[in-house]
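Asker: Structure below; questions to follow.
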Amino acid sequence: AAPPAGLGLRLCLGGWGSLVNPTGVAACPGSDRLAVAHDGKKRIHVFGPSGFCLRRFGERGDANNDIKYALDVTVTSDGHVVVTDGGDCSVKAFDSEGRGVLAVREGFCLPWGLDATAKSEIILTDSEAGALYCLAADFQRGELKKCQMIRSRLVSPRAVAVCQSSGAVVVVEHLKARGASKGSTRVTIFSAEMDLIGQMDSFGLNLVFPSRIYATAVAFDKEGRVIVTDVCSQAVICLGKPEEFPSFNPLISHGLSYPVGLTYTANNSLVVLDSGDHSVKVYSST
């Protein structure tokens, strides 16, 4: 089945002053609320379906539950907001009211991207360690249950997404530059059991597709297709399902400046975080 065509911009929220250099966006399961991580005085903003900011929390500071530098954000099925903090190399969780409930600091070199599974476990990349972790916690009690490395020997993994139906995991690795090259990215897909399904780097994609792809964010749509943002073409591209990977179907090819975040809402709207103009753009089928 082809990806949904005719996506139209339904809502644009944020903008400079409201959001400052945003780095991550996540949809709240079961609702159309969006959590955005950025570099403002309060690091997490929660927006309602109309675009109105419902809540701000995650103070910038040095206290236990403050956030020094938010890199990514996800929301569990029970409404807890989980953030990677590059400032003190930790993972921090907040309840729906914005109260800090858990901070996990041990063992990480540079936690970066994260996504929640259907069971409210957190799949997390450690960019500096080249590893993928699974973190499980009782967030209501603020108790960490496990923090287990599930994949190693990755190259600067950053963005990550989990398929809610199959449990497959897709990671964007940032490969080191060679010579005058600016570096490239590699999209790698694992099964729920962490077996390698497929991977393709920028060079390989360029052999198949009309332009060089430098992926910055990744998501699964509701049908289990891999979707990436590409800052080279300022586009959002569907790479197909894991078993047919990679295919090439541009979903959004204009109107973006520097897309760095990607998610889908409960009603299947596509959400793109554009750090170029500090905004969140919501697209729906027309």
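For all residues, glycine too, the Cβ spot is worked out from N, Cα and C.
Nobody curates TrEMBL annotations by hand; they come from automatic prediction.
Quick paste from TrEMBL:
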{"type": "REPEAT", "residues": "14-50", "note": "repeat 'NHL'"}
{"type": "REPEAT", "residues": "54-97", "note": "repeat 'NHL'"}
{"type": "REPEAT", "residues": "254-286", "note": "repeat 'NHL'"}
{"type": "SIGNAL", "residues": "1-27", "note": "signal peptide"}
Asker: Helix, strand, coil residue numbers for the repeat 'NHL' (14-50) per DSSP?
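Answerer: Breakdown, helix to coil: 0 helix, 17 strand, 20 coil.
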Asker: How many of the residues that make up the repeat 'NHL' (254-286) does DSSP mark as helix, as strand and as coil?
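Answerer: Taking the repeat 'NHL' (254-286) as a whole: 0 helix, 18 strand, 15 coil.
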Asker: So how many of the residues in the repeat 'NHL' (54-97) end up helix, strand or coil by DSSP?
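Answerer: Taking the repeat 'NHL' (54-97) as a whole: 0 helix, 22 strand, 22 coil.
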Asker: Which whole number is the mean pLDDT over the repeat 'NHL' (54-97)?
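Answerer: Residues in the repeat 'NHL' (54-97) carry a mean pLDDT of 93 in this prediction.
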